[in-house]
Each structure stands twice: as C-alpha cells, then as structure tokens.
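Annotated active site, nucleophile per TrEMBL: 134, in sequence order. Annotation source TrEMBL lists active site at 293, 322. Annotation source TrEMBL lists substrate binding site at 200, 323. Marked as domain 'AB hydrolase-1' by TrEMBL: 39-328.
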Ligand SMILES: CC(=O)SCCNC(=O)CCNC(=O)[C@H](O)C(C)(C)COP(=O)(O)OP(=O)(O)OC[C@H]1O[C@@H](n2cnc3c(N)ncnc32)[C@H](O)[C@@H]1OP(=O)(O)O
Ligand SMILES: N[C@@H](CCO)C(=O)O
C-alpha cells in the first residue's frame, strides 16, 4: 500500500526555485531490523509506480530475491509522477490551482535530495542494496555520489552518468508530440493526452529494437484488409496499442516533466567532472548492461564501470532491448546472487519465478 510522506519546510531545487514543501508517495515492504542493516532501496523508471512487487515481481516479493520477510524494501514514486508524489496535477499553493504547465522540474539530484528527508523519517542510516534501471539507475548513481557512505552495494542497470544527446533527442521529440496536440495548452487533466500517446509510441522504438519488432510484429493485423496498399500492419496496431495503454494510467503533464527530469541528469554538474564524480562512489558496485539496448547502450555502462572504483560490469543478452531491465528477471537475479554473496536461494527464486510467469 502506498504511504505518503509530507515535508513541510522550504525545499530549494537546483533551478533555484523554492517549494514551500512537497510530498512523496512511497511503498515500504517488510520491516527495518534492529541493526538497521536490511534496507533495499529501489528506484523506479519513467512510468512505473512505487510498488516494485507489481512491476519487478520476479525480483521483489515473497520468496523472491528481495523478500520482505528478510529485507526492508523502500521505493519512492518520483516527484512529477502521477502515483502519489508531488505532481503537475497537485494544487500549487500560491496560485491555488494545479501546477499544470508551471510544474517545477525536479532534476535527478533534486529527487534524491527529497528522498533524503524520507530516509531520515524512516530511521534509515545505511542502505544495504540500492538498485534501479534506466531513470531509476540515474537517481541511484546521483545518491551514491552525493552520499558516498550511504550504500553498501549498488546495482545500476541500463543507465548512464549523464543523459546522452541521443536520449535527450528522443525525449525532446516526445515533448514535441505533446506540444503538437491542440489541447496541450488547456488546463485540465486530459490536456495533451493524444500527443502523449504518440510520444509513447515514439518511446517504444527506443525501448525495443529492429529485431524485437522483426520477431513479434511481422505481417498484417488479423482484422486487416488483404488488398495491397490497404493493409494495417501489426507493427502499426502495436504502436497504437502502446500509446492507448499508457493513456489509461498516465497523464501528459507527468510524462512531459519527467522527461525534462531525465534530460537534466548529469552527475558531473557542479562536481568538476563526470569522471571525478563517479570516483566518489564507495559502494560495492555491479553495473548491468543490456547488449541490445539502443537507448542506453552498453558503452554507457562500460563508462560507469571504468570510473566507479572496483565496479564489476555484466552484460546480459535480451531480446527486448532497453526494456529488458523490466523483463529479464532470471538473468538479473542470476547476476545479483553471487554479487551479494547470497547462498542457497537459487532454486527457490526460480521456482517462484516460473510460477509467476505461468500465471501471467
Ligand atoms: C500503475 C501501474 O500499473 S505501474 C506498473 C506497470 N508499469 C510499469 O511498471 C512501467 C514499466 N513497464 C513497462 O514499460 C512494460 O509493462 C514492460 C516493458 C514491462 C512490458 O511491456 P508490454 O507492453 O507489456 O509488453 P509487449 O511489448 O510484449 O506488449 C504486450 C502488449 O501489446 C499488445 N500487442 C502486442 N502486439 C500487438 C499488436 N500487433 N497490435 C496490438 N496490440 C499488440 C499485447 O496484447 C499486450 O497488450 P496488454 O499489455 O494490454 O495486455
Ligand atoms: N518502459 C519504461 C521506461 C524505460 O526506461 C517505463 O515505462 O517506465
């Protein structure tokens, strides 16, 4: 169940903007033990919520690698998102109406600074394992640099030290899709929603790749006419379905501002250089890369591993491309078990995983 943390003091963003306070929706599974040494902090990516047992069900949950019986597992909904934290649809106190287009962009560094207040509230002094993929990994790296003593282990997956020009171009193009929707300037929850559907379809191109589409989206849709030139192809209905699906659970404002947050990510900002920032990490680090990822390609994780002191790099094969970090539970589990030195768990984890896959 999502809980809410309210911070009621002034909070200064990197932009200089001052918020009178903020709130964070978060999920906490399990219990903090007496020694305070069983904390696992998970960072979600662009459109997920704060409950990793929903979207990382192969890694988090009863009898999984991260089992709430053993660990105190915390995940916070990113500021700007629509699953419980401060967001563009919340009331902007001075104006007494929702922020909408005036929502202040939280950089990834602002995000982890906000999480720091929740960490204090929860009585957490040390985090045994931090892990996150994509934009989640960006926040994890920021925090491991900002507070080098906080994490014992970190596992950044399919992520980077500074968002790339390629990634920013994808995000900017998605914002153009939203801005091009004639309803975007309106002040209501549905403003820009059709633009967001197109944006999500564009994003999918970067989350998968040529081969993913080639395998699963060959040919025409079964309801399509067979007249040459009049066919509707599977790849087309797939793109449409992905946009429609997101529009049922997200809004264009959150999508727009979270993409700005991702673009802001740069661990080197104000810290001399990216390389020296990465060298501040003290946690034992396993960087995981997905070979077929065209959005955060392996060269970015090779860079991380070459500057984070004594980091290990593991590259996994995946049919899915970037989204493999949300789907390749077995391969990820297989890497984490030896990294954390866990023994006697593998068969239990995979039995559980197989049951969950079959049930879906
Ligand atoms: C509140 C919350 O729900 S947050 C938790 C859920 N969301 C998240 O965690 C965000 C991160 N998750 C994701 O990005 C995705 O869910 C992923 C990457 C894990 C998986 O992606 P999916 O879209 O489920 O997988 P995939 O690419 O195989 O597409 C399957 C979907 O496309 C549909 N589909 C496949 N081919 C076609 C086609 N040719 N035409 C139309 N639809 C198609 C399938 O029917 C299926 O639809 P459904 O999801 O509505 O059942
Ligand atoms: N597919 C992911 C984004 C990829 O990083 C999401 O929707 O959160």
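Cβ atoms are placed via backbone N, Cα and C, with glycine included.
Given the structure is predicted, the values throughout are model-derived calculations rather than measurements.
Positions of TrEMBL features highlighted on the structure.
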residue	record	Cβ contacts under 8 Å, 6 or more apart
134	active site, nucleophile	45, 46, 157, 158, 159, 295, 296, 322, 325
200	substrate binding site	174, 242, 243, 245, 246, 247, 255
293	active site	158, 318, 321, 322, 324
323	substrate binding site	207, 208
Annotated recorded positions 134, 200, 293, 323, filtered by Cβ under 6 Å to ligand 2: 134, 323
Entries of 134, 200, 293, 322, 323 (recorded positions) sitting next to ligand 1, with Cβ under 6 Å as the cut-off: 323
Confidence summary for the domain 'AB hydrolase-1' (39-328), mean pLDDT rounded: 97
Residue 322 (active site): tally of other CB atoms within 10 A of its CB: 25
